[in-house]
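Contents: one structure, followed by commentary.
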Amino acid sequence: MERTYVMVKPDGVQRGLVGEILKRFEQRGYQLLALELIHPTKERLEEHYQDLKSKPFFPALVEYMMSGPVVGMVFSGLEVVKGGRKMVGETNPLNSLPGSIRGDFCICVGKNIIHASDAVDSAEREIALWFPNGVKNYSSPMQGLLYE
Ligand code: IDP
Ligand code: MG
């Protein structure tokens, strides 16, 4: 089953939105495989956002991501990477539709409360980065009710 990495950013944690975000992914039917609140290091964040290193906003992005703890989660499910991105909305919340997480809870691109992997290979890279001890799968009776 496909997996994705979702992270509630420091503003989302401080605004008390962890439960709301977790609830939406659970309700959709995605299976929670891992969950951790951590205070990320600069090195970890630079690795996570390695593709954006040359962007002018990169230093501000790393500062923002170090402004408090983050909550990382791994979910599995059919096409969960694409589905998760749809639930999150557009990078700029101003372009995010109501009903999406960014469309419902934030306004600015630099305070957009949540991360979700954008492709299957980046998801696996991010899961290995944030959960270096590995993530175990487990079977759940819910699967039989969700999948035909
Ligand atoms: P994504 O989070 O929707 O995948 P990315 O392009 O991967 O978007 O950018 C990562 C994060 O960098 C964004 O979520 C946002 O926090 C920040 N970011 C992206 N573009 C800008 C920008 O133009 N100004 C400020 N911050 C930005
Ligand atoms: Mg991205």
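Here the Cβ of each residue, glycine as well, is placed from N, Cα and C on the backbone.
Just so you know, TrEMBL annotations never went through curation; they're auto-generated.
Under the heading domain 'Nucleoside diphosphate kinase-like', TrEMBL lists 1-138. Regional average pLDDT for the domain 'Nucleoside diphosphate kinase-like' (1-138) in the model is 98.
Positions annotated as ATP binding site by TrEMBL: Lys9, Phe57, Arg85, Thr91, Arg102, Asn112. Sequence-distant contacts (6 or more apart, same chain, Cβ under 8 Å) of Arg102 (ATP binding site) comprise Val88, Gly89, Glu90, Pro93, Ser96, Asn112, Ile113, Ile114.
There are 19 other CB atoms within 10 A of the CB of His115 (active site, pros-phosphohistidine intermediate), with all protein chains counted. Residues or ranges marked as active site, pros-phosphohistidine intermediate in TrEMBL: His115.
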* Quick one: of Phe57, Arg85, Thr91, which binding-site residues lie within 10 angstroms of His115 (active site, pros-phosphohistidine intermediate), measuring between C-alpha atoms? Sequence order, please. => Arg85, Thr91
* **Neighbourhood of ligand 1 - binding-site residues from Lys9, Phe57, Arg85, Arg102 with Cβ under 6 Å** => Phe57
* For the ATP site as recorded (Lys9, Phe57, Arg85, Thr91, Arg102, Asn112), determine the largest distance between any two Cα atoms, in Å, rounded to the nearest integer. => 22
